[in-house]
Amino acid sequence: MRWFDNLFLHAGGGSGHEPAHGGFVGQGMLTAAVSGDVFTSPPVNSILAAIRAVTGPKGCLLVVTNYTGDRLNFGLAAEEAKSEGYKVEMVIVGDDCALPPTRGIAGRRGLAGTILVNKVAGAAADAGLPLEEVAEQARHASKFVGTVGVALSVCTLPGQETSDRLGLEQIELGLGIHGEPGAAVTELQPVDVVVSRVLKQILSSETRYVPITSGDRVILLTNGLGATPTMELMIATRKAVRELQLEYGIATDRVYTGSFMTSLDMQGFSISIMKSDATILQCLDSSTKAPCWPAGTNGDRQKPAKISVPAPPSCAMKSDKMLQQSRELTKEGCILEACIEAGAKEIIRIKDSLNEWDSKVGDGDCGTTMYRGAIAILDDMKKCYPMNDAAETVNEIGATVRRVMGGTTGILYDILCKAAYASLKGIKTVEAKHWANALQASIVAISKYGGAREGYRTMLDALIPASEILRERLEAGDDPLDAFIVSSEAAMTGAESTRHMQAQAGRSSYIAADKLASAPDPGAMAVAAWYRAVALSLKSMSCHSKS
């Protein structure tokens, strides 16, 4: 019997954090890991492929870091897997101790403490425990761990200029692992002072994030963020061990030092502290063949298994069937094609602006992610979108963005399209009122699964005003084209208004209010841009047809 036939344990997230999570795949730890694009959660299809490939009769546990995109993508994959008959549990790890407890719906970020949770869960699974008990041990471990990071530099996203928000004599405390700004910026200080400040934050009696007090015993993990030499990490570890003992009366049972969960080329480190108990120690000490776990391997490294996984039907495969059907577009099909093209081209045009805004309030890749989706839509549009069927076309757009975009943005747009498809399905001639209903259905679905509402500084702050004005104008008997134009102006006004909002969802919720005021929410601006491009395209086609 292969080792992963017992219980499938899976972790994943965006690339750029290596060796997490692929380096921790091996007997005694993870069964599989799925990586998305840089700092972008993997798409649902990839996660599903991993579940189908290696899940045995005992089921699978998904260990997920607490980021909106990861929760949505892994959550949807789990639901689809369950519908196919698989037993699936999911554990969310949020070990960040840098931010105040009340931060909207986003919660605490998942950081390097996730690696310790993976090890505990992997050992429990390798011991043959049932899925429910493995999940419970993972949740138990996640409640006992806290992490705070510190950086001397901002990471460099591939193909983009590095942010200059940190000066040469500055450091950032309480940052995430995606290049987003930290909780505080301070002058450069000696490592002993920095470590003291980090430990104070983790063990704060005010936040009480981790139940650790004097007399307890702990596990200490010092994690490099990508460009910190091991020697410097060891210096931080030495200070942490001494201070825990002398200042807090806390002894360390185990100490791990190295690069476990990085942030590309970021200079800095994080410290994770986990409360120790007999079960956790037994799991951490159990043998594993995961190549990047620093201790306890008792033999040859496991050779990676080669598993044949059937690929889902591609757009090219679907297009063969489409070619057998008539490609002559109706008037409505031509209008829909022109609108999609206008929206996609507008996103391509504002790519750099979206990235610039996102670099101030997020991780700087919103424009790149949206650009990737827009290019794929323009490509797939000519091959496999049935333009004469509005509902099916919207459904195919969802499949396109789901395949290429990933992350929070990709899954939210996929949800948007799926809800709109359900609203439009079966309607032979789609009119303005039907599009208004589809937009409203999409908003309801996004709010349901993403948890955001108007005023949370998200894409909904553009979509909701647009929807309300569109329905109001149509019910008042306005010309549909004029109604779309006015609603697009409402979308842009709503997007611009996000400058004055405190984020309560997504990565921007980790950013201080004064920094958020420097830029609007890029997701909302993207919505307003493509929506307005579509409205103007409709108006332009109407004018040409009359002339």
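Using N, Cα and C of the backbone, Cβ positions are placed for all residues, glycine too.
Annotations in TrEMBL come from automatic prediction, not curation.
Here is what TrEMBL records for this protein:
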ACT_SITE  His178  active site, tele-hemiaminal-histidine intermediate
BINDING   Gly14, Ser15, Gly16, His17, Asp70  substrate binding site
DOMAIN    1-293  domain 'DhaK'
DOMAIN    334-536  domain 'DhaL'
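In this entry, Gly14, Ser15, Gly16, His17, Asp70 make up the residues listed for substrate, with the farthest two CA atoms of the set 15 Å from each other. For the pair formed by the residue listed as 'active site, tele-hemiaminal-histidine intermediate' and Asp70 (substrate binding site), distance between Cα atoms is given as 13 Å, rounded to the nearest Å. Cβ proximity to the substrate site centre (mean Cβ of Gly14, Ser15, Gly16, His17, Asp70, cutoff 8 Å) flags the following additional same-chain residues: Gly13, Ala20, Ser35, Gly36, Val38, Phe39, Thr40, Ser41, Ile177, His178. For Gly16 (substrate binding site), the same-chain residues that are 6 or more apart in sequence and have a Cβ closer than 8 Å to its Cβ are Val38, Phe39, Cys155, His178, Thr262, Ser263, Leu264. Comparing the recorded positions His17, His178 on other C-beta atoms within 10 angstroms of each C-beta gives the minimum for His178. Remark: of the binding-site residues Gly14, Ser15, Asp70, the most isolated position is Ser15 (fewest other Cβ atoms within 10 Å of its Cβ).
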